[in-house]
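Undergrad: Pulled these from Swiss-Prot:
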ACT_SITE  His317  active site, proton acceptor
BINDING   Met170, Arg171, Ser172, Gly173, Ala174, Ser175, Phe176  substrate binding site
BINDING   Gly254, Gly255, Asp277, Asp297, Ile298, Arg313  S-adenosyl-L-methionine binding site
REGION    206-225  region 'Substrate binding'
Amino acid sequence: MALPSKAALVGLANTLSEQVKRYLATAGETKSPEDHKLCIESERTPSSNEHAQAWEIVRTCDRIGSLVHGPVPWLLSNALSHLDSACLAAATHLNLQDIIVDGPSPTSLDTIVAATGVSEDLLRRILRGCAQRFIFEEVAPDQYAHTDASKMLRVTGIHALVGFSCDEVMRSGASFSDFLQQTKGKPPSWNVPSPFSLAFDPTKGLFDYYSTVDEVRGRRFDLGMGGTEATKPLVEEMFDFSSLPEGSTVVDVGGGRGHLSRRVSQKHPHLRFIVQDLPAVIHGVEDTDKVTMMEHDIRRPNPVRGADVYLLRSILHDYPDAACVEILSNIVTAMDPSKSRILLDEMIMPDLLAQDSQRFMNQIDMTVVLTLNGKERSTKEWNSLITTVDGRLETEKIWWRKGEEGSHWGVQQLRLRK
């Protein structure tokens, strides 16, 4: 194997050193796992600037790794990275995070065998695969302890999200090539067929599959999405609900069981909220003085006409462009051009060259592609989609969390030109 350029390696090492200095100046002291758990459960998140600087460091480390590995080992290492997910899937399935003690003394392999019933040989290999990715640590032969990462598996939402990623997402990924062949590389107009449907049930999309076939995976998905929800800025941290007139109506389209609307209504009691979702989703949820539950399918024209706000939080990324045009068109027909606005509370992908983008954001994008035919969109892609819906519809403003203007998450405010 040819050695990498000395100048290239030294240049990257110097870049890495400067990036670490900038990150430490921004991030301050490193948080403990307990702080991270508190951050997730209290819905407080690090700043977007801190995230961006962290991912710059990761990207530089990857570039160094690609050079010192050489092209073929680097290529094969990436091709086999699903084996890391397989080991992590087994670890979460066996609940090793609860069996391995978090304390001064490690947990023996014999103890783990007794708790799981799995052979020494298989457990040793599962834990080796995890430990190589700094998830658990073998501190002595057949003696295992927690790392900061493995401790996070004790957080219910994170455990569920990892399980979903190592199960549904990984199996959907294995069907991606078959999906491309079947669809001739053209995305369907809705959620079926998809790589997920090819892996699990050719007649059902993810949400339909969960509700009619596999409620166990469905419950895990809900818990996992709760974990991701806590890492996003709150909509009220971005959009100024106090600016709406007394008695304004906010329609929470696809709002689930109304958690968002109830929370915002407590902070802004001058507003009235209508939460719309499918009957099975809102079943059993009681109305309150400020929040009304309403059965509605986003594929049908919206029955609430002339509302002040139609809010969609993390809805459109679950659907391909054609479906999003249909969903938004069903809202546009209900809007009053003199006062109605649509608020799209979604990720906004940066317009960057592929190699300069954040890997984690790309992984989120590929997750919705594989499971839902969905799409995370850049500003350019959002504008193209919005223009396709209706020539009068335009982005009037993007609301950001204070101090994070231009970050990867914002609320796009759409209005109809009069």
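Using N, Cα and C of the backbone, Cβ positions are placed for all residues, glycine too.
I would like each feature placed in context: is it buried or exposed, what are its neighbours, and how far apart are things?
TA: Within 10 Å of the C-beta atom of His317 (active site, proton acceptor) sit 20 other C-beta atoms, taking all shown protein chains into account. The secondary structure of His317 (active site, proton acceptor), as reduced to three states from DSSP, is helical.
Taking the Cβ of Ser175 (substrate binding site) as reference, residues of its chain lying under 8 Å away and at least six apart in sequence are, in sequence order, Pro195, Phe196, Leu198, Ala199.
Here the Cβ of Asp297 (S-adenosyl-L-methionine binding site) has 12 other Cβ atoms within 10 Å, regardless of which shown protein chain they belong to.
Across the region 'Substrate binding' (206-225), DSSP assigns 18 helix, 0 strand, 2 coil.
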Undergrad: At a C-beta cut-off of under 8 Å, are there same-chain residues at least 6 beyond the region 'Substrate binding' (206-225) that contact it? List them, or none.
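TA: Long-range Cβ neighbours of the region 'Substrate binding' (206-225): 156-157, 159-165, 167-168, 191, 194, 196-197, 200, 280, 371-372.
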Undergrad: Among the binding-site residues listed here, Met170, Ala174, Ile298, whose Cβ has the fewest other Cβ atoms inside 10 Å?
TA: Ala174
Undergrad: Show which residues of the chain containing Arg313 (S-adenosyl-L-methionine binding site), separated from it by at least 6 in sequence, have their CB under 8 Å from its CB.
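TA: Set apart from Arg313 (S-adenosyl-L-methionine binding site) by at least 6 residues yet with Cβ under 8 Å, we have Val235, Asp252, Gly254, Gly255, Leu260, Asp345, Glu346.
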Undergrad: Counting Cβ atoms within 10 Å across all protein chains shown, which of the binding-site residues Gly173, Gly254, Gly255 comes out on top?
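TA: It comes out as Gly255.
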Undergrad: Taking the Cβ of Asp277 (S-adenosyl-L-methionine binding site) as the reference point, list residues of the same chain whose Cβ is under 8 angstroms away and which are at least six residues distant in sequence.
TA: Gly254, Gly255, Gly256, Arg257, Glu295, His296
